[in-house]
Amino acid sequence: MSAPSREEESEANRLLEEAASSWEEEVAYEAGEKILVADLEFDRVDDGSAPPPFSWKKLWLFTGPGFLMSIAFLDPGNLEGDLQAGAIAGYSLLWLLMWATFMGLLIQLLSARVGVATGRHLAELCRDEYPNWARLVLWFMAELALIGADIQEVIGSAIAIQILSRGFFPLWAGVLITASDCFFFLFLENYGVRKLEAAFAVLIAVMGLSFAWMFGDAQPNREELLMGILVPRLGSKTIRQAVGVVGCVIMPHNVFLHSALVQSRKVDPKKIGRVQEALNYYSIESSAALAVSFMINLFVTTVFAKGFYGTKQADSIGLVNAGQYLEEKYGGGVFPILYIWGIGLLAAGQSSTITGTYAGQFIMGGFLNLRLKKWLRALITRSFAIVPTIIVAIVFNRSEGSLDVLNEWLNVLQSMQIPFALIPLLTLVSKEQIMGTFRVGPVLEISSFLR
């Protein structure tokens, strides 16, 4: 029998690779989807042990995942927590907002560390490292937190659509319109990760400009603003708002999301220098992204603190009627503040529902190891949240207060779900057999848990 030819061998190898790939585990990004970050001059002498020198061009190439992650700090649930904290507690919880954002940054940096150092995201690692019962509990809690966040995001978008259409679209119609954004997400994703990141950058810019405009119109007291940031104060009447601030800033599903987003760049986990380089750049862009999110949250809190703290409307103001109260307080102007609020709220809702779809795919795929087509995963993930959201829109839309109370308690729910994301993260990031030289020390692990 004659030996197989070179062409036959290459064809056999190709078929073996295809067969192997069909049995591969679920991954965050396929190899062809990842962005190549190359340094040709350094690569010639690179032994993988030291990170390359800093490069602004490389920082630009690594910029993106942190800003997608920061959307969870800017969703309608956050805006609800911001406006109620401002209206009920005035400037007194700004220090908590700042430190909660900083705490959120530390957690997100640990999440990115896990994703870059292992080449796998948190849900995948939980699937392999925990017994089946614990894996299913963690998956259920992550899905529960995601559904709670998605209800706020979709309802927030629906309220914005109602405002901008001057009441033409009822709340349930806004919910259905917002639900279709998963198809917009799939459309953008087909054009590559960078196009998707650019779309989110535009939405963040819209939020920033809208709420900065409101901040300029309201002209909050600068001295009280600085005192609120620098001097910690917490009264018995503001405990629920304080818990809500923490819960709406630290989103459990976001911990899973960021560990997957960082894998959109091609980084070899076996090269210590390249991993350290990626972590350095991700630390810079995540810090910048959360600094922007903090400023936007601060704008919203201070606008409502200036306008409504100590007034009879303070206890009744919420996401549903906030635009109406703003218009009554600050007037119409050249461009009515009601519509500025509506545009910012719509950008927050649309961007956060799309990232929620993204997070849902990674959570479900990672915990359950589902290899499904992207459109099917997006449809399943969106259905998980849309069905309860439509029920909420119908049942709770009988009065303004009912939706606002629901949003408050959903923020508290997020706070209760934090340990189910944080404990696995801190456990895994401290294991040397998983993280290698990039495991965190006990001091950072304990301090992150205590925070």
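Cβ from N, Cα, C; glycine included.
Here TrEMBL flags 94-116 (among others) as transmembrane segment. Here the transmembrane segment (94-116) has long-range neighbours at 28, 65-66, 69, 73, 82, 85, 122, 125, 225, 228-234, 242, 245-246, 249-250, 254-256, 258-263, 267, 269, 275, 278-279, 282-283, 286-287, 290, 293-294, 297-298, 301-302, 422, 425-426, 428-429, 435, 438, 440, 448, 451, meaning same-chain residues at least 6 beyond its ends whose C-beta is under 8 angstroms from one of its own.
The transmembrane segment annotation in TrEMBL covers 136-161 (among others).
The annotation transmembrane segment is assigned in TrEMBL to 167-186 (among others). Within its own chain, the transmembrane segment (167-186) has Cβ neighbours under 8 Å at 153-155, 157-161, 196, 349-350, 353-354, 357-358, 374-375, 378-379, 381-382, 386, 389-390, 393-394, 397, counting only residues six or more beyond its boundaries.
If one looks beyond the transmembrane segment (198-216) by at least 6 residues along the same chain, the residues whose Cβ comes under 8 Å of a Cβ in the stretch are 67-68, 70-71, 74, 188, 292, 295-296, 299-300, 302-303, 326, 335, 337, 340-341, 343-344, 347-348, 350-351, 354-355. According to TrEMBL, the feature transmembrane segment maps to 198-216 (among others).
The feature transmembrane segment is assigned by TrEMBL to 288-309 (among others).
Residues or ranges marked as transmembrane segment in TrEMBL: 330-348 (among others).
Summarising the annotation, TrEMBL assigns transmembrane segment to 379-397 (among others).
The transmembrane segment annotation in TrEMBL covers 409-429 (among others). Sequence-distant contacts of the transmembrane segment (409-429), counting only residues of its own chain at least 6 positions beyond either end whose CB sits under 8 Å from a CB of the stretch, comprise 77, 80-81, 107, 110-111, 113-114, 122, 125-126, 129-130, 137-138, 141-142, 144-145, 148-149, 151-152, 240, 243-244, 246-248, 250-253, 255-256, 435, 439-440, 445, 448-449.
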